[in-house]
Amino acid sequence: MLDAFAKVVAQADARGEFLSSQQIDALSDIIAEGNKRLDTVNKINSNASAIVTNSARALFAEQPQLAQPGGNAYPSRRMAACLRDMEIVLRYVSYAIAAGDSSVLDDRCLNGLRETYQALGTPGSSVAVAIQKMKEASISLANDVNGVPLGDCSSLVAELSVYFDRAAASVV
């Protein structure tokens with residue numbers, strides 16, 4: 001996993017060049033957006049339990065068969081595993097938004113996830129719905145301007161959306 005700074009330095013080093021003014025400008029933009037990025041990560045982390053719990057409740061309200069006898073989230077140990085998995089995905093999305101890069105999400109969370117769920121008989125489409133619900137909650141938090149530095153957060157929200165979409169697509 002390389003952060004944006006390491007990538008830029010590695011690119012310049014591979015060419016045997018100093019950082020260009022364009023690369024320096026890009027890094028300056030990253031620094032300027034850093035507080036918003038960290039605020040978003042902090043909001044997600046501070047609300048992780050509620051994000052996961054509320055998303056699971058919404059999923060089970062839409063798909064009650066999952067939590068009933070014979071469902072993939074029944075009995076309680078399977079429900080706990082479901083909540084744990086949702087929390088892991090959310091945690092890795094928060095790492096990706098902090099790093100500004102999806103490689104940690106891809107490498108440590110998503111690679112092989114579809115195959116694991118298939119082997120367990122877990123419906124990937126239901127997992128994708130849960131991830132989309134976490135996405136909605138996280139984007140709502142990211143868009144909450146209360147206590148966030150002034151400025152446009154649309155690119156950060158779009159980036160956050162991409163990470164959740166990537167996670168949802170990886171399980172179906």
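Every residue gets a Cβ built from N, Cα and C, even glycine.
The following features are taken from Swiss-Prot:
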type	residues	note
BINDING	Cys82	(2R,3E)-phycocyanobilin 1 binding site
BINDING	Cys153	(2R,3E)-phycocyanobilin 2 binding site
MOD_RES	Asn72	N4-methylasparagine
TODO: Could you list the residues of the same chain, at least six apart in sequence, whose Cβ is under 8 A from the Cβ of the residue listed as '(2R,3E)-phycocyanobilin 2 binding site'?
DONE: Lys36, Thr40, Ala142, Asn143, Val145
Task: Cβ-Cβ neighbours of Cys82 ((2R,3E)-phycocyanobilin 1 binding site) (radius 10 Å) - done: 23
- [ ] Would you mind listing, in sequence order, the residues at least six apart from the residue listed as 'N4-methylasparagine' in the same chain with a Cβ closer than 8 Å to its Cβ?
- [x] Leu66, Arg78, Cys82, Gly121, Thr122, Pro123, Ser126
Open item on the list: Need the DSSP three-state call for Cys82 ((2R,3E)-phycocyanobilin 1 binding site) to compare against my parser.
Closed with: helix
